[in-house]
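Q: Below is a structure I'd like to ask you about.
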Amino acid sequence: QVLDSPFPTGSAFGFSLRGAVDIDDNGYPDLIVGAYGANQVAVYRAQPVVKASVQLLVQDSLNPAVKSCVLPQTKTPVSCFKIQMCVGATGHNIPQKLSLNAELQLDRQKPRQGRRVLLLGSQQAGTTLNLDLGGKHSPICHTTMAFLRDEADIRDKLSPIVLSLNVSLPPTEAGMAPAVVLHGDTHVQEQTRIVLDCGEDDVCVPQLQLTASVTGSPLLVGADNVLELQMDTANEGEGAYEAELAVHLPQGAHYMRARSNVEGFERLICNQKKENETRVVLCELGNPMKKNTQIGIAMLVSVGNLEEAGESVSFQLQIRSKNSQNPNSKIVLLDVPVRAEAQVELRGNSFPASLVVAAEEGDREQNSLDSWGPKVEHTYELHNNGPGTVNGLHLSIHLPGQSQHSDLLYILDIQPQGGLQCFPQPPVNPLKVDWGLPTPSPSPVHPAHHKRDRRQIFLPEPEQPSRLQDPVLVSCDSAPCTVVQCDLQEMARGQRAMVTVLAFLWLPSLHQRPLDQFVLQSQAWFNVSSLPYAVPPLSLPRGEAQVRTQLLRALEERAIPIWWVLVGVLGGLLLLTILVLAMWKVGFFKRNRPPLEEDDEEGE
């Protein structure tokens, strides 16, 4: 014990000591300490010492199957046990009546909300008692009842249940020193445990087995990947307590949901937390996971942000328990390959899809405005459906025509969009035609030639064939060709690019074959040189498309001859005359009419 000086510094406190004097006659010697520098002394009175003895008694084990008590409020059967607390005190010249406070705590090593045993009466995890010791200070005992909570509410069944008892003096009034000093065994603790189904030695040794596979691979960079982890868990040994399946997720993976094949417990209880900066999904398998238990689990996991993942990602799986011996299964690693892929689509379209030109159309002077026929557009559109980005896209378009007078198509312009850079060979529009001028519509160029009234029909000229020819395919295989080469450095997911080839129908070329019909066909191919990722691609996109424009011919409409009309009119009059004569011959015009009502009245 250290005594601090009650006097100012330099008072020489402790220069002289005097003991063995009982100043207050309490049976304990007091101490006088002198301080000559202060011309004062300090008196320290000794207090009686109470030596306490505390005992806590509880049974060694608790059997959850034996439920001999009921809860007062709910009448629920519970497994209960007795707790006995005994407190005694001894000492020299201590007071005849001594009051002590005793505090009992149940399962004190667990958080208050997670304690496994509670008092039966109050359903609390602790209580405080006031114990009055008699004159002889003989030990007094107090017994209370406690109960074990339901197994479903208990997670930790392996660790011991610790109970503690602590005795202390009642608090005194402010500024007052206690009358006695409490010494001895003021704190004691005992422990009990939950009975386990672990054989004679009461030590459970599980044999946890885990196998796993994955569906949904490979993972694609840029895609919204969903994997299904299929895991088979089993315990071939004794019960595994607090058994759980631990799934360590790689970067970019996120837990979605999990289901088991156990009827009635399909929806697993799974929680995600961090362990050493790694996300881990923990799924409860049972407490305990009993012997010969088999559980199949299907877990859905989404995986994204794979640009820097490398050629594979790994899932680490293990069954863990809190058993002291052989608690865990072997670690299972699932490696899922990562690949790159992009689906690039090429579509072609013709506007208009078909043209109708009169048989004599094309009889125009070359290089005149009338030499220009309807406008024709061939459009090719590229669309990256993803999931990845592509680099080095090359598009090649082949069109039947080189802007020469002998071609059916006069190519005016190439119009790329979406970042494409295109270069035609040979150059287009060599005549420098101002294609912004109004152009004929896709219908026949001179509508007056095709005006028809009720007397007009299609009639060929006598010197021309009376039958149009079957359509002839005009492509780069059968005609001079213009090649358009287009390049795009990068094409992201969802991006579109388009090339429009603008051309006119060259009418003088049509006049050379007045009754021929044509199918104008262009064709395009594309390929991709690489994908901008460190992982190998499944394949490099490539494809082709065709665009066709039908060029149909119509024979000139001819007027109906006048003599045809006269013959028709005379024939009609002749038929009418014959019909009238036949009716007269049979007496149709001499028949008797029935009398009218007016005629009957006159006869009367």
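Each Cβ is built from the backbone N, Cα and C atoms, and glycine gets one as well.
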Q: What range among 397-401, 422-426, 587-591 does Swiss-Prot describe as motif 'GFFKR motif'?
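A: Of the candidate stretches, Swiss-Prot labels 587-591 as motif 'GFFKR motif'.
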Q: Considering every residue in the topological domain 'Cytoplasmic' (585-604), what is the mean pLDDT value?
A: 64
Q: Looking at the recorded positions Tyr28, Cys86, Asn166, Asn276, whose Cα is closest in space to that of Cys204 (disulfide bond)?
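A: Sorting the recorded positions by distance from Cys204 (disulfide bond), the top entry is Asn276.
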Q: Compute the centroid of the Cβ atoms of Asp22, Asp24, Asn26, Tyr28, Asp30, then list the same-chain residues not in that set whose Cβ lies within 8 Å of it, in sequence order, for the Ca(2+) site.
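A: Neighbours found: Ile23, Asp25, Gly27, Pro29, Arg45, Ala46.
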Q: Please list the DSSP helix, strand and coil residue counts for the motif 'GFFKR motif' (587-591).
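A: Result for the motif 'GFFKR motif' (587-591), in helix, strand, coil order: 3 helix, 0 strand, 2 coil.
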Q: With DSSP helix as H/G/I and strand as E/B, how many residues of the repeat 'FG-GAP' (1-61) fall in helix, strand and coil?
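A: Grouping H, G, I as helix and E, B as strand yields 0 helix, 31 strand, 30 coil.
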Q: What's the CA to CA span in angstrom from Cys80 (disulfide bond) over to Asn26 (Ca(2+) binding site)?
A: 47
Q: I need the nearest neighbour of Asn276 (N-linked glycosylation site) among the recorded positions Asp24, Cys69, Asn166, Cys270, using C-alpha distances.
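A: Closest candidate to Asn276 (N-linked glycosylation site), judged by Cα separation, is Cys270.
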Q: Among the binding-site residues Asp22, Asp24, Asn26, Tyr28, Asp30, which ones place their C-alpha within 10 angstroms of the C-alpha of Cys283 (disulfide bond)?
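A: Among Asp22, Asp24, Asn26, Tyr28, Asp30, not one has a Cα sitting within 10 Å of that of Cys283 (disulfide bond).
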Q: Among the disulfide-bonded residues Cys80, Cys141, Cys198, Cys270, Cys283, point out the residue whose Cβ has the most other Cβ atoms within 10 Å, with all shown protein chains included in the count.
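A: That would be Cys283, with the highest Cβ count within 10 Å.
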